[in-house]
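Chemist: The active site, nucleophile annotation in TrEMBL covers 44. Among the features that TrEMBL reports, active site, proton donor is placed at 46. The Mg(2+) binding site annotation in TrEMBL covers 44, 327. Sequence annotations record features per position, and here TrEMBL assigns GMP binding site to 46.
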């Protein structure tokens, strides 16, 4: 046998092999930043200042499902379907023409074992046959903001509100397949998209939340204290959200009835991501039922729509003195390259994934995976039959390990700071000591470790 045998056994089973665990409450920095240099703090509302309970996804799913039945005349049997928590995660792609939900990596390769038709996985052989391999051409992918247009058959779901939409798409596909109903996948996608849009745009969801705010919004007791501290230190604050005017009750619940006094600018129904790119919409002031175009942004008022270019013109809040928090990896956080703002990403999924990474099982498997990769790299130069046989066995074992759920973690690298908890404000008041610096962890080689 090989002399490597005992070494391999040691790597696989030695209980002393471990790595330092990661604190789930850590703020991860992709770029160095000093809070002392930040003069203006900006926030999104949904899943940034307001964190919703799991009941909200069920609410969105149920309302959209019923809209499909009543408005679009879908079969009554769809009412038997209920929201399935943890069925989908953010970042998945949906092939609009083939009605398939899947995970595609950063190099546009379909991850085998992640492709679902309806509520059931599609065999790898069938996936490879349909796509003539695993690669999806760039021209088929949705654009940077996750929107699909003509010729872009792959829609990517990037915000947390997308979870009930993906689940509803899968449930409707499942119903049609079970009952042998012929349907056009593109029309199904458009109908579900419109139903989900109605839930938000027509204010149905927000009215339901307002009617039972304790059920749907999680109260963050430190939020008001942190916002007050920022205000006391002379920091400017603004709120830009797609939510309608009804967010006032939510903000009063989270921050207090005097929440408007804390923000220098509040813009609702901003229609992001168009807000960041479209110069055509002008900001208007909400006065009773009148929407008048304005030429100066005043504290204590609430404004509607507009665009970022006009916002920058009216406020002069440009460059690295601005720190903006949001939860949408693309539309909220693509501000650094275009306008020089610093950005903070709210990524609730990180907390769960960090806990998985801290488990003994994950650490041992990762240690063995790294060792196995090194062994393959060193042994693959040997061409004799015995060496080739061992290398092929290791390759098969490595491939099998990579398909395990424990390694199926997402990596979000777009924002400069990442917060795994509910909101940046719930990291504690001490976080905003206003003199702290957030620094990226660097490897021994000096390269930034992207977390």
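Keep in mind that glycine also has a Cβ here, set from the backbone N, Cα and C atoms.
Because TrEMBL annotations are produced automatically, they should be read as predictions rather than curated entries.
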Chemist: I need the CA-to-CA distance for the residue listed as 'active site, proton donor' versus residue 327 (Mg(2+) binding site), whole Å please.
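Modeler: Each residue's Cα considered, the residue listed as 'active site, proton donor' and residue 327 (Mg(2+) binding site) end up 8 Å apart.
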Chemist: Cβ-Cβ under 8 Å from residue 327 (Mg(2+) binding site), same chain, 6 or more residues apart: which ones?
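Modeler: Within the chain, residue 327 (Mg(2+) binding site) has Cβ neighbours under 8 Å at 44, 46, 47, 48, 159, 160, 345, 346, 347, 348.
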Chemist: Within 10 Å of the Cβ of the residue listed as 'active site, nucleophile', how many other Cβ atoms can you find? Include all protein chains, please.
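Modeler: Cβ-Cβ neighbours of the residue listed as 'active site, nucleophile' within 10 Å number 24.
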